[in-house]
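The following features are taken from TrEMBL:
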- 31-91: domain 'Peptidase S26' (DOMAIN)
- SER36: active site (ACT_SITE)
- LYS79: active site (ACT_SITE)
- 99-142: domain 'Peptidase S26' (DOMAIN)
Amino acid sequence: MTAEIVAKQFLEAVRSKDLLWWLSGRSEHTLLSGPSMEPTIVNHDIVFSERLSRHLCKIQKGDIVIAKSPFDPNMNICKRVIGLEGDKVCTSVLSDLLKTHTYVPKGHVWLEGDNFRNSTDSRNYGPIPYALIRGRVCLKLWPPQSFGTLSESPTKAIIKSQSGSNSD
């Protein structure tokens with residue numbers, strides 16, 4: 001679906017007051033559980049994600065995404081994009097003395113939780129296919145005092161990947 005077609009459908013939906021219907025297939029709200037994205041997202045927070053950016057403007061490093069679990073296709077995961085195809089990413093955990101790296105293959109992304117010490121993510125299951133991404137998280141909806149856009153990674157883990165660097 002091209003950007004022009006999406007824009008045309010959007011304008012038609014607004015004109016016909018069917019905006020909520022139009023958005024229904026292109027967005028979702030999700031109740032999240034688990035500690036892997038703390039402190040950005042905590043257990044039982046509700047987030048709003050949109051599905052258009054993965055088709056139109058591409059997911060970017062630093063985005064928080066909802067994706068199908070590579071271990072269980074019936075389960076969704078919420079993680080931050082650390083690396084895109086061609087990026088060199090650190091695969092080590094904090095306690096490793098020797099740092100190891102890998103390159104994200106074509107058509108894949110590297111996902112990690114903000115809670116580096118308590119997250120099952122690409123460090124465990126490797127890069128995941130781009131096709132497993134369901135949407136990009138835009139807003140935290142619940143609890144009300146946390147309503148709004150989401151912040152950068154508290155650990156600045158995003159700096160770890162080196163875009164397009166194919167030399168060691």
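Yeah, the Cβs are placed from backbone N, Cα and C, and that goes for glycine too.
Remember, TrEMBL labels are computer predictions, not curated facts.
For the recorded site, LYS79 (active site), the DSSP three-state label reads strand. Across the domain 'Peptidase S26' (31-91), DSSP helix (H, G, I), strand (E, B) and coil residues number 0 helix, 23 strand, 38 coil. If you measure from the Cα atom of LYS79 (active site) to that of SER36 (active site), you get 8 Å. Confidence for the domain 'Peptidase S26' (31-91), expressed as mean pLDDT, is 83. For LYS79 (active site), the number of other Cβ atoms no farther than 10 Å from its own Cβ, over all displayed protein chains, is 25. Secondary structure of the domain 'Peptidase S26' (99-142) per DSSP, as helix, strand and coil residue counts: 10 helix, 20 strand, 14 coil. In sequence order, ILE77, CYS78, LYS79, GLY113, ASP114, ASN115, ASN118, SER119, THR120, ASP121 make up the list of same-chain residues 6 or more apart from SER36 (active site) whose Cβ falls under 8 Å from its Cβ.
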